2 protein chains.
Amino acid sequence: MQLLQTPPAETKGFRLNHTMLRVRDARASVQFYTEVLGMRLIDEEDMGDFTLYFLGFPHEGDVAGAMPTHREGVLELTHNHGTESDAAFAGYASGNSDPGRGFGHLAVVVPDIEAACARFETLGVQWKKRLTDGKMKNIAFLLDPDGYWIEVVPDRLKL
Amino acid sequence: MQLLQTPPAETKGFRLNHTMLRVRDARASVQFYTEVLGMRLIDEEDMGDFTLYFLGFPHEGDVAGAMPTHREGVLELTHNHGTESDAAFAGYASGNSDPGRGFGHLAVVVPDIEAACARFETLGVQWKKRLTDGKMKNIAFLLDPDGYWIEVVPDRLKL
């Protein structure tokens, strides 16, 4: 298909702001995305039965407590209160097996994938695929606390 | 939880590059994301049994045919060949109903939400929630060709 076509003028200024994932335990997820992956928690919004957490890697213009609509690369985590302590809660679907296949993964690009993966190993992350597993030796996949797949991609990957 | 904490130094340069969704019909999906939403198709990679499509709103540094690892806000669509003409294919899960609940939506921020939604109406999009539906009158939800939810968010939304 044709690449880099000029978009309709009416879409000027549109941006892909965020991806939303539901999480069972907000504290565990925010800890993973901030301490392991290096995002910052930008905003937390208590909506009553659920709380929204907006995270992203550091960007100009991020303001503590303000929904970061000015930028791309935001992750919105939705925590429905109580799931973290509900033994009957079956967990969320990662999107990568039936039934429920659809969403695949988030991908984080890192400047030095060997160093990044060595650090993840030290931190005791759950792996879906280490760098050394499988056919593609230049990408890895972590699992977040809910089992969502996080692809780790080197700068300037060529497919 | 604490907002805007300083991330670990080892994560410097990390970025949330893309979100991957599987799509039934690549042509229909690329048409929707480019012609309706205004993204550009940056790269298309034939992997044999499947093809990857990398899309994003226009960014500096996008190069036709190169995987856009330099930036955030990328959408990767995975098309497993044949689903578009397989009458027995049940379709993908949107992530918003059981079984398969997990992923929620992508969100596009737009400078003028009234104008954006009026244009979407003219283009005949499928709505999950028009601006005028439900309690939140300042956001809308479209459905993409697979039924994934696309939130339409105004600039500077306050929750």
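Using N, Cα and C of the backbone, Cβ positions are placed for all residues, glycine too.
Heads up, TrEMBL stuff is auto-annotated, nobody curated it.
Keep in mind the model is a prediction, meaning the values are calculated, not measured.
Among the candidates B:GLU10, B:GLU151, the residue that TrEMBL names alongside B:GLU76, B:HIS105 for the Zn(2+) site is B:GLU151.
If you take the Cα of B:GLU76 (Zn(2+) binding site) and the Cα of B:GLU151 (active site, proton donor/acceptor), they are about 17 angstrom apart, rounded to a whole number. Cβ-based crowding with a 10 Å cutoff singles out B:GLU76 as the top-ranked of the recorded positions B:GLU76, B:GLU151.
In this structure the alpha carbons, written CA, of B:HIS105 (Zn(2+) binding site) and B:GLU151 (active site, proton donor/acceptor) are 7 Å apart. Taken residue by residue, the domain 'VOC' (B:15-155) breaks down under DSSP into 25 helix, 51 strand, 65 coil.
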